[in-house]
Amino acid sequence: MQESQTKSMFVSRALEKILADKEVKRPQHSQLRRACQVALDEIKAELEKQRLGAAAPPKANFIEADKYFLPFELACQSKSPRVVSTSLDCLQKLIAYGHITGNAPDSGAPGKRLIDRIVETVCNCFQGPQTDEGVQLQIIKALLTAVTSPHIEIHEGTILQTVRTCYNIYLASKNLINQTTAKATLTQMLNVIFTRMENQVLQEARELEKPIQSKPQSPVIQATAGSPKFSRLKQSQAQSKPTTPEKTELPNGDHARSSLGKVNSENGEAHRERGSSISGRAEPSGGSDNGAQEVVKDILEDVVTSAVKEAAEKQGLPEPDQAPGVPECQECTVPPAVDENSQTNGIADDRQSLSSADNLEPDAQGHPVAARFSHILQKDAFLVFRSLCKLSMKPLGEGPPDPKSHELRSKVVSLQLLLSVLQNAGPVFRSHEMFVTAIKQYLCVALSKNGVSSVPDVFELSLAIFLTLLSNFKMHLKMQIEVFFKEIFLNILETSTSSFEHRWMVIQTLTRICADAQCVVDIYVNYDCDLNAANIFERLVNDLSKIAQGRSGHELGMTPLQELSLRKKGLECLVSILKCMVEWSKDLYVNPNHQATLGQERLPDQEMGDGKGLDMARRCSVTSVESTVSSGTQTAIPDDPEQFEVIKQQKEIIEHGIELFNKKPKRGIQFLQEQGMLGAAVEDIAQFLHQEERLDSTQVGEFLGDSTRFNKEVMYAYVDQLDFCEKEFVSALRTFLEGFRLPGEAQKIDRLMEKFAARYIECNQGQTLFASADTAYVLAYSIIMLTTDLHSPQVKNKMTKEQYIKMNRGINDSKDLPEEYLSSIYEEIEGKKIAMKETKEHTMATKSTKQNVASEKQRRLLYNVEMEQMAKTAKALMEAVSHAKAPFTSATHLDHVRPMFKLVWTPLLAAYSIGLQNCDDTEVASLCLEGIRCAVRIACIFGMQLERDAYVQALARFSLLTASSSITEMKQKNIDTIKTLITVAHTDGNYLGNSWHEILKCISQLELAQLIGTGVKTRYLSGSGREREGSLKGHSLAGEEFMGLGLGNLVSGGVDKRQMASFQESVGETSSQSVVVAVDRIFTGSTRLDGNAIVDFVRWLCAVSMDELASPHHPRMFSLQKIVEISYYNMNRIRLQWSRIWHVIGDHFNKVGCNPNEDVAIFAVDSLRQLSMKFLEKGELANFRFQKDFLRPFEHIMKKNRSPTIRDMVIRCIAQMVSSQAANIRSGWKNIFAVFHQAASDHDGNIVELAFQTTGHIVSTIFQHHFPAAIDSFQDAVKCLSEFACNAAFPDTSMEAIRLIRFCGKYVSERPRVLQEYTSDDMNVAPGDRVWVRGWFPILFELSCIINRCKLDVRTRGLTVMFEIMKSYGHTFAKHWWQDLFRIVFRIFDNMKLPEQQSEKSEWMTTTCNHALYAICDVFTQFYEALHEVLLSDVFAQLQWCVKQDNEQLARSGTNCLENLVISNGEKFSPAVWDETCNCMLDIFRTTIPHVLLTWRPAGMEEEVSDRHLDVDLDRQSLSSIDRNASERGQSQLSNPTDDSWKGAPYANQKLLASLLIKCVVQLELIQTIDNIVFYPATSKKEDAEHMVAAQQDTLDADIHIETENQGMYKFMSSQHLFKLLDCLQESHSFSKAFNSNYEQRTVLWRAGFKGKSKPNLLKQETSSLACCLRILFRMYVDENRRDSWGEIQQRLLTVCSEALAYFITVNSESHREAWTSLLLLLLTKTLKINDEKFKAHASVYYPYLCEMMQFDLIPELRAVLRKFFLRIGLVYKIWVPEEPSQVPAASTAW
């Protein structure tokens, strides 16, 4: 009721107002008046009925509405502005408040609804520019209300009409307010149309969800069309821009939105009051800009937007394809064509009317695409969008564009509206196939045209639209985007004639693109890694790099300021690209300082408080990673970085092959075939020539025309792959010649045309025009000639049609072709020449014309030509790809960044380097440095060493700290470079590797620069021995000072005060607190570097330190100090890492500690001491070796540095460690003893004394308490003591050292368990042997070393201690230990093998060896049970060796020891041992018989014989050193030759004769030894004396007791053993007997000096050997235990005795016979003592010899015994029988 009254009030007031208007009273408006009156009457009647309470139902709505509408329609058709305004205002209100819905059918137009008529009526009120301005505004209001009202629905043509009308008002209206309002209304309308479409799908999705889900869901969050959820761009990005007379900038991230802005819909239901509020403000308020803006603002604030619903978030939507249709319009197709002219009342010459009739372009197959929509709203949106695209494509008029022209304004506003639509595009628009197709077919083609517009506004808008497409639609527009980049953007950047404005706008756009990580990576992945696409990313970076490097602004028609601005933008883009890469790969980055992104890591004075950095950059980017919305229409390729890298490599190969082909086709083909990119078959090559567009068409033509067989085959295959079926001849020829340029040579053309003709006839065999292929061939040739003739500028007289026909007479098998056919060919060629494929020459030519541009005007002309060409190419390409579907990969993998960076790092580096080098602009420098930082980060993350090093070196170079240029040239950019370098070190330390070298070098030089800059003198540099007072006075002093600082490479020679002041000022900033802290932070932050990085860091810090210390006069210790600091900082790292660090640092300390500059070395040693003390405090677990590694530098310094000061300091440092940290030292003991070992051999008494004191303290005291910890170094301790003992300069120390070694034995003895339980590196040592290996062996070994190395008194002491230890502790030794031990002991005798001075060697043998031999025998005897099995043979071998030496004393000792050994232990010998013993003796006997004595001749006398014997002898024994000490041969039976007697003898003779003499001595000694062994202690001398006494007393009783004694080894030896000894004795006797009988030889020897005053003889040997032999035999002969051997014994006795007696008879010399006296006494006495039976056997043999003896003058004793013998013979043979004892005659003294 109320509603009806309100409606009536509106209507009646409006009708009354119309009637009241004086214009209506005119006759022509009678129909209007009547209609108004009828309507008023009806309203009154209706109100009356309602007042009376009539309940009759109202009439049908449509009749009522019809009635009400007619007067308004008539009013709108009237020419009166006031009437029209009133009518429109009422209509607007009725629609706004829902009083008119217009759903009823239109009675006047079948198939239409009333609302369509209403809208048409409103639209028709606009009659062009002359329409009243108030009416225009009312039209706009009414139309906006109609579109936005929730109560009515308008679609298709009607909605297009509303948009068109507003569009026309915008163009035609002269009122600025109306223009602006119309434009704002258009924006709002589009917003509503597209938002409704989006909401409708959302609503359907919600409706579907309701029945499915049982549980109620939380309400779907709605958002306005302007919501960021739908708009992929942030609020701050490009929006629709105002059309104002002023030039506007390209919108970018920082650009403020225009006052129109993006019209956001209001939430909630429409408030109906708003409709009325508009009317109150409808009147124009003035023409000023401000007024216009204000009114627009008011209107827009109150526009009814109730229809706009919030769109749900993207995530809640189903895929567009799956959204179900609604009953309204299941499949709405595009409506049929309508003649628009009948509907358009727009400007006559501006037909921008919107047609709903344009169907989509046919697809590639020529079939029209059915435009299928799931809802009418989608169709509305599609029609509006398509119309706007077509409007934007309309060409501008000729001549320079007029900003006020309808054409230009139309183009601009259409582009602005398109931009608005795209920016607000929702999920449906972005994914529905119809819209994507529309974008491809209409918008992209439109952009290709507008994208090269010379009008800045158009160009700028095109760029903004492209940006939006790239953001939201790149998944669908892969090929279109490629065309944009390749043909437009990059061409504009590369073309030298481009205007600054165009370049600037392109680069602004690129700035936005380059700021989006997803976009940048996607470009690389989809184009550079696609075999069929251009290398967009690479080309983009190269172009930007060239711009960033800057070129001559004059060349490009730019001012220097413009050129700098462009350069900065270029750099900004390059930096953005790298930032994107950094952001993309940030998950791989590990920041040692736990900061999130590179952006945060600034120097302290630059740090950002809110930690934005790259995140901020990301927010400002064109699109986030979410920007790629996949759709059902597109199948994306899976993102596999490795696969893309393979493709990229293949692409590079193909590109290189094409490059080669374009120079030399055969080489290119060969290369591609070798690389497997091209098949070997001619068909493959032909296909390649067809498909590869990058091939040079001229080269392709030359290749195909070549006469070689291979080329012909390729050409045939090439032509055969063309399909000419059902093609006109000229069309076929055009197709054929599109692929290449005909070669210039006639023969080549001939071959090509011939094959073409054959192929054409083959494809068109049914044709009847050509008689044969020859006809086609000739005709083709004639067409080529005709094209040249008609279209070549060189040909002046063009061929006529008649001439052409005449020329082709008779070519068809002697007949003519039809004239009309040839005529049509002529006309076609005349109209359009046969265009052969263009090469790149055209584009290259335009790019290279920059040198030829004479003026700005010429440049603009050239540019316009190029832009036209560009537009033409781009449009053609865009149309070509409009139907193509190329899969787009949305990159997700981090690994893409590595190949991306590898591709572009060089142009990037060039740009940054040149920027830093040539430009002092701080912004340029800042960008370059930021770029380098990002580049270093990427190279670091992906381990690209070459690239990383290149960038870091660039930074180092521009810091001027390492450059050869003068540091006085330092500017702000160089200071910033230093700061950047420090930041890189701080943030990327984990990855820097070898690049640390450059950084640390710079930091070192920075410290040096700071010293100069702050005026510090050389005295502050450690190591300089001089000081200077006062400030710098003049450059001479300054130069000297700097040279003193080692600044030859930093400060150029003549530095005046002014330069110095300037330098100090610039360097002053590097000394600022922030820089100092930042540098320090690198070192303190080293603790956060990872295990590998810290090693690299330390390694290069050490290298820089070495460089600092290399200055001979003024070494610096900055880096060395830092090494010490970082050692402190990093000491708590895990041991594995620390040991790797210390391996480097320790090696450095080794070198520094040996630095020739003592101050440096002292600093190093002291630092080492401090570090060591701290390190030792941490202690060490068992079996670790960290201390050992840590303390090793002390050892090295001690070994290599000969400076007493340093050596003394090292000893004191170690002593301090021992005294304070003994309890914590474990493996470090090794180093400590190694240091003392070095000190032990020093000649400086103080050093030796100090070291020995500490060593003594360790051994005697510390070992007591910490022996288990020192076990591993026990051997080193003993070795160290040994070294002290061997220092001959300090005998007291030596003796004390030996005492301490003896003391060490006590530790081993007392703590065997500790040694047994200790496990370490030698785990292969059995637990039972550890006491030996770790304890006894080192002690005994070192004692043997002392014995071998020291002087007599020390070695004697060492020998004594060694054998004392053996005797004291030997009972604990295992058998195999003894073997090791005796190997050590026998080393004592090895000394003789060394060629030393004869006197020393002699002394050695006489003393030490002697001593050792006896000691060995003592030990062996003491531990015989343990030793005999394992060592007896070794001992015998050693004794044998001694006996064989050319040292009489040693030989005697050897035999003595052998004797002692056997006598002491013989009773324990087993038969086997006796066997070994006897064999040993036999061997000694035989090897020491001096056979050479019998044959030797001096030189010249039978030299050959002599030499032969000598050689034999030398092979068996050592004759290397001859002992000529006469005193040692004093006991020889041979006379000692005087010194004079040897003088004349050659040296070789002397050696030989001395050796022989010793052998004679040994023989005698051996005989005595056997005698002693067998009969000890009954010596032969005693027995001989007793025999003599007995003979004198003439009785045999005297020696009876000897016979009964049972001493010596006789009873322990078997007969066979004794027989062996007898063999020895007999051999010796035989030899000496032979020698003594050889008078001639004895004379030769005597003359040679072998004997002094008398001839040499061997009487003693001759007699003693026989005597011993006889004693043994007679002892055995009477031994009852050997009865079984008596026969052999008797035989031996008889032989020996008879030979002896026979020999005696032959002796002539009296003295010789005298020597035999005791021998004969022995023989006869012993024979007399045997029993009668045995005596008989002997007497019968001896009798004749004894008779012969009677003739000699014998001594009385011998005669007495002989007498007894004969008497006995008489008795035994019973020659006489004594009656009484007295009858035996007394010995005759006279005989």
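Any Cβ shown, glycine's included, is placed from N, Cα and C.
Since the structure is predicted, the reported quantities are computational estimates derived from the model, not experimental observations.
When S405, S1031, S1532 are looked up in Swiss-Prot, the one carrying the note phosphoserine is S1532; the rest have no such note there, which does not rule it out for them. Residue ranges 311-350, 631-670, 791-830 are listed, and Swiss-Prot annotates 311-350 among them as region 'Disordered'.
Considering S258, S355, S1506, S1709, the record held by Swiss-Prot lists S355, annotated as phosphoserine. Scan Swiss-Prot for phosphoserine across S265, S356, S552 and the hit is S356. In terms of DSSP helix, strand and coil, the domain 'SEC7' (661-792) has 91 helix, 0 strand, 41 coil.
Listed in sequence order, Q747, K748, R751 are the same-chain residues at least 6 apart in sequence whose CB falls under 8 Å from the CB of S707 (phosphoserine). Using DSSP to sort the residues of the region 'HUS' (515-535) gives these counts of helix, strand and coil: 12 helix, 0 strand, 9 coil.
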